[in-house]
Amino acid sequence: MTKTMYEKIWDAHLVYEPESGSPILFVDRHLMHEVTSPQAFEGLKLQNRGVRNTHSILATMDHCVPTKGRAEISDPVAAKQIQTMAVNCKEHGINLYDMSNANNGIIHIVVPEHGFVHPGMVVCCGDSHTSTHGAFGTLAFGIGTSEVEHVMATQTLQQQKSKTLLINVEGTLSKHATAKDIALAIIGKTGTAGGTGYVIEFAGDAVVNLTMEGRMTLCNMAIEAGARAGLIAPDQKTFDFLEGKEFAPKGKDWDAALAYWKTLPSDKGADFDKVINFKAEDIAPQVTWGTSPEQVISVNGIVPAPTDFDDPIKAQACKNALEYMKIKAGQKMTDVNVDIVFLGSCTNGRIEDFRAAAEMLKGKTIAPGVQAIAVPGSYPVKEQAEAEGLDKIFLDAGWEWREPGCSMCLAMNGDELTEGQRSASTSNRNFEGRQGKNGLTHLVSPAMAAAASIAGHFVDIRDWA
């Protein structure tokens, strides 16, 4: 019987399947940060329960950490979350990369850097973008705080089995189109509910040809398509990325793991519940115009009008988004000015992203009135970028070079938009208020963000660079 990769991982981790109710899966790895863990630890304490397997957990501080140096945190709630995580991890013997640790950074960037997740694993984290780790052929779920507590106590997760959605992206990407553009183009077609009830497997030449960093970007955005998780079959790129890393298997264990990992890709002829095909050459650099990742067009496109939508709900959503974003139907995206440019986040905070942006910035200076901040996703990313001289390129162009953290992806750490400010952001969500009260967010790739900082507005980098 042929199986999809999702079915193989599911079957290997199924602990119990009741006649009614949710099946129970074994969890190999549990990732933690300071925002969704305090209540879970408190729940364990109230029930006099411990953590079942501390070696399965890796923790970091990322959401609330300041990026303008590691000064004292001014927000008392954020400071309390940071302090509480340090106390909880010390009490339970959990490996924590705190703000002073040389490995500190965003959880979904730190974890792959150390080879903590492997193909075929089930991984959980109290964070929506846990789907990032699907780039390694890992079934990775974002979970709620009560589930964080349950996983800590039992190393299991109650989970309904999802349907399977295969998204093929065949062919070769056009110049300056990236994994971020693939993700946004997919969401633009399927909508943010298109993947609801599914686990997505991304496949096709364009996906196979992505770097591991690009694959992480693509899987990171699977949740924005409504999917429970995103997966990419492990291959030689995956194995090369993991080999020699701190938590990767060694010696005979590596050989055994490698043999198992090679069995994970979906069998030829495996049956998916749904299949969607894309042509890579049709995917241009993307930019969102509205307040949802699905409200996205090619950079050379025209902002739609409510009358362009047959669905009355989407038409109303368009009307609302145009009003909030202060742009007009029929407007060219290349005529939209930006105030702030943000490079970073668990979507685009890796070394590849900083290289792409730096390539655009060489010998140029940001436009008058534009603020641009570069926030590496981890200290290892920051150190690598500085070793390559990328920090100097950013600084010479007028950008700010910050310390690692989630930063302006969400308004929780001092990095945020003020009312009415418009950003070009490499993060993953453009909801109302996501980057600050009444802030206006446009999602783009790193190269697109860098170009916008120079021009002062969005540009079609295929012609501009």
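Note that Cβ sites are derived from N, Cα and C of the backbone, with glycine treated the same way.
The shown structure was predicted, so the numbers you read here are calculated from the model rather than taken from an experiment.
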Seminar exercise, completed: Of Cys318, Cys346, the one that Swiss-Prot places in the same [4Fe-4S] cluster site as Cys406, Cys409 is Cys346
Problem set entry | Residues flanking the [4Fe-4S] cluster site, with Cβ no more than 8 Å from the Cβ centroid of Cys346, Cys406, Cys409 and excluding those residues themselves | Asp62, His63, Ile106, His129, Gly344, Ser345, Thr347, Gly349, Gly377, Gly405, Ser407, Leu410, Ser427, Asn428
Exercise. In DSSP terms, helix, strand or coil for Cys406 ([4Fe-4S] cluster binding site)?
Worked result: coil
Seminar exercise, completed: Excluding its own, the Cβ atoms lying within 10 Å of the Cβ of Cys346 ([4Fe-4S] cluster binding site) add up to 26
